[in-house]
Amino acid sequence: MKKYVLAFDQGTTSCRAILFDKDGKKIETAQQEFSQIFPKQGWVEHDAMEIWGKQSGVAREVLERSGVSTQEIAAIGITNQRETTVVWNKNTGRPVCNAIVWQCRRTADICDALKEKGLSDSIRKKTGLIIDAYFSGTKIKWILDNVPEARTLAEKGELLFGNIDTWLIWNLTRGKVHVTDYTNASRTLLFNIHTLQWDKELLKAMDIPESMLPEVKPSSYVYGYTEEHTFGGSKIPIAGAAGDQQAALFGQACFEEGSAKNTYGTGCFMLMNTGDKIIESENGLLTTIAFGIDNSVKYALEGSSFIAGAAVQWLRDELKLIYTAHETEYYAGLVNDTNGVYFVPAFSGLGAPYWDMYARGALLGLTRGAKREHIVRAVLEAIAYQTKDVLYAMEKDSKINLKSLKVDGGACANNFLMQFQSDILNVPVLRPYEKETTALGAAYLAGLAVGFWKEQGEIKRIQDIEREFRPDMEEEKRKTLYAGWKKAVERSMKWA
């Protein structure tokens, strides 16, 4: 009897495995953090072998702790940090270098060269993305141009590229399946979201052999099966995959056009479902694929802020102003405002809607009266301001006024932040009972592919809201606070 779906949630800082039942309830979870590698200023890397080891390890741990056998698992669904780039030798199964993480800025010069060639409009129209070091395409090019023998091996057809979903599926199937889904493909800067194919002109522009690229399939689809000995017992279908933000959109049951969610993780990511329509943003947002099921693809507008929860980690690990992330709610509540302090978390540039690779972090408005509490509160408020920037752009592009915002991710547990978010947006903020919506989205996609859930309506019926935060701020105050934020952002831009 198939009773559960196993979700792999491979994030920027940790590998997690979560077991869900038929009601979408979390049964058991396991998590392991892995190494963050910073070889040079602005560079961020991960060890892909470590990621595979820890991801398979937490999956085994979940099965052992829950006492659930592989025979009871209907399917595995995978959600992953997007854009992070792995290139490996298909004969040895080993990466040619560390994975280049989405936050890494080393390819800024390659991006500038593509812009100088006049490719910005073409890339925008074909991929829905802008030219930025964030996306996978320039990372692949950097590896081919800089890792010894990489280009030679790639041209011989011996190297494979994948984002983390592809890397995990390849390892789970012992190298039998080299595949990705529409959502992950749409984040590479190489995938045409109109034709749903790898774009030969863009591959030529970046000098990337097509033989490296995975096959692209729907987000809800049986890609292959685990080997019997991988987790002991029977083979398990690998039946769903989606980039983390699209998985969260699906996990929040944002199936209708105009519905939106914001994920508060390492970065902050807002997606709005635009249905069958590809909306080309005029306000610095990305157009991306929301999910693909059967022969139907839904699209989304996305705005991403690179740094959100990572700024709280910085308060804890570098400034030592707090011991735990949870304390930020307490300190923020000790003061009525930030005493004029603004924080711009542009540690790795600014994302939507500014897209300034050369912006840097800034703490502004400091006086002798500024205390720890003011700085902590300013960091939390910055997360909410970035979300307002994105929502304002989204409403202009889509011509849809958001009625409510669904939220998820670690920081959505912070009641101060959620209330301030509602206040500054002037819309209700809805927090679900099940906070693991990213993993849940991967589970739903996998479960639908194997008939564990029959259709999207069944998923919608099991959704529960834990708390609704309603706006409680005067319009004049909202405008004044936001004007201060815009001024602070302007000061941080074009710094490096």
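Backbone N, Cα and C atoms are what each Cβ position is placed from, and that goes for glycine too.
Swiss-Prot lists T12, T13, S14, T266, G309, Q313, G410 with the feature ATP binding site. The secondary structure of T13 (ATP binding site), as reduced to three states from DSSP, is coil rather than helix or strand. Contacts of T13 (ATP binding site) defined by a Cβ separation under 8 A and a same-chain sequence distance of 6+ are given as E33, F34, Q36, T266, in order along the sequence.
Here R82 (sn-glycerol 3-phosphate binding site) comes close to W102, N163, T183, N184, R187, G243, D244, Q245: these same-chain residues lie at least six apart in sequence, with C-beta atoms under 8 angstroms from its C-beta. In the three-state DSSP scheme, R82 (sn-glycerol 3-phosphate binding site) is classed as coil. Feature annotation from Swiss-Prot assigns sn-glycerol 3-phosphate binding site to T12, R82, E83, Y134, D244.
What Swiss-Prot lists as ADP binding site is T12, R16, T266, G309, G410, N414. Cβ-based neighbour count (10 Å, all protein chains) for T266 (ATP binding site) stands at 24.
Annotation comment: Swiss-Prot describes R82, E83, Y134, D244, Q245 as glycerol binding site. A 10 Å cutoff on Cβ-Cβ distances gives Y134 (sn-glycerol 3-phosphate binding site) a total of 28 other Cβ atoms nearby, all chains included.
The C-beta environment of Q313 (ATP binding site), restricted to residues of the same chain at least 6 apart in sequence and closer than 8 Å, consists of A325. E83 (sn-glycerol 3-phosphate binding site) and R16 (ADP binding site) are 19 Å apart (CA-CA, integer value). When the binding-site residues T12, S14, G309, G410, N414 are compared by Cα distance to Y134 (sn-glycerol 3-phosphate binding site), the shortest distance belongs to T12. DSSP gives Q313 (ATP binding site) a helix state.
Of all the binding-site residues given, namely G309, G410, the one with the smallest number of surrounding CB atoms inside 10 A is G410. If you take the C-beta of N414 (ADP binding site) and look for same-chain residues 6 or more apart in sequence within under 8 angstroms, you find T328, E329, L380. Between the binding-site residues T12, S14, Q245, Q245 has the most other Cβ atoms inside 10 Å of its own Cβ, all protein chains included. The Cβ of D244 (sn-glycerol 3-phosphate binding site) has 29 neighbouring Cβ atoms from other residues within 10 Å, across all protein chains displayed.
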